[in-house]
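A short worksheet on the structure shown next.
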Amino acid sequence: MKLKATVLGVALAAASTAFAQNKPVIQFIATGGTIAMKIDPVKKAPVPAISGDDLLATVPDIGKYATIEVNNLSNVPSDYMDPPRWIQLTKAVQTALARPEVSGVIVSHGTDTLEETAYWLDLTVNSSKPVVLIGAQRNASSADFDGPRNLLNAARIAVDAQSKDKGVMLAMNNQINAARYVTKTHTGNVETFNSGDFGFIGEVYPDRVTYASAPMRRQHIAISADKMPAVEIVAMYGGADGMALRSAVDRGAKGIVVQALGMGNMNEPMYEAVRYALSKKVPVVVSTRVHNGRVLPSYGFVGGGKTTFDAGAVMADDLKPAKARILLMLLLQSGVTSQADLQAAFNK
């Protein structure tokens, strides 16, 4: 699929105006999602309908804080996001941040894969300037549409001096989460994103933006390939026979993430499937379906974390499956394939 980006407005003119008004320049990259949807009168359901400019027009007060450039990169549900779109988005963000007059970037995005895109950008964008992702749980036809507030808050975060060197952040419902730990926890509630054991790193109040902490575990991996290696996620559950994992390997997967149980455990059939993948030189990373906590090589029964680690698998530490997949993809495209080197990267 060809992806088309349309930048609306003249960046140089916007920057000139901002300098004249002594206001920072923020680039707002719109990618779609519920935040860009309205109820279609025929389908009677939300569909992509509004541009970044349309959303910006709902927040007249945003001009008090910054001059906003709009880049309408795409308008798709976040369920359609994939590595080619992530690569395109990284390039757009890096291009914007490379301009000295741009103080930060806001990305609007659907909430379904927002945490994946946030972590992807956190790994692939190398800048001290803030990158703030937003979404909405209610579409633009709703009387209580949450998109405008989230956009205004993101602008306030992006221009705040405290926001530098905090990596990619997600700002919704007045709360600020770091990309590594944030996850969607409710299908419809506006307070859907949180960071589990680690909590929010900050909040947006009417008078100011406050931070309580900063993300410590961050790394940068440059994109060195036009196409990411195929990495599949395979779920462990009661009675799993490992056939899905074997099939993924046979169909050409270059890496596997197992959504294991507990601290990284699985049954014997899945363990044997892991060994099959490793025998084919396909790296396997073990994560967990549990929301909080790390996976560790602790249990010694066949299929326990220690046995899979001893067989050559990698422990995902505290990364959950979707984010472990992203890190594994980027490491593989960088040529990192050994258990020791992969484990070192997951431990960072």
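Just so it is clear, glycine is given a Cβ too, placed from its N, Cα and C backbone atoms.
Automated prediction, rather than curation, is the source of TrEMBL annotations.
Among the candidates Ser74, Ser78, Ser142, the residue that TrEMBL names alongside Thr111, Asp112 for the substrate site is Ser78. Each residue contributes its Cα atom, and for Asp112 (substrate binding site) and Thr34 (active site, O-isoaspartyl threonine intermediate) those atoms are 9 Å apart. The substrate site is set by Ser78, Thr111, Asp112; from the centre of their CB atoms, other residues of the chain with a CB within 8 Å are Gly33, Thr34, Pro77, Asp79, His109, Gly110, Thr113, Leu114, Gly135, Lys184. With Ser78, Thr111, Asp112 listed as the residues that bind substrate, the site has a largest C-alpha separation of 7 Å.
Counting other CB atoms no more than 10 Å from each candidate's CB, the binding-site residues Ser78, Thr111 peak at Thr111.
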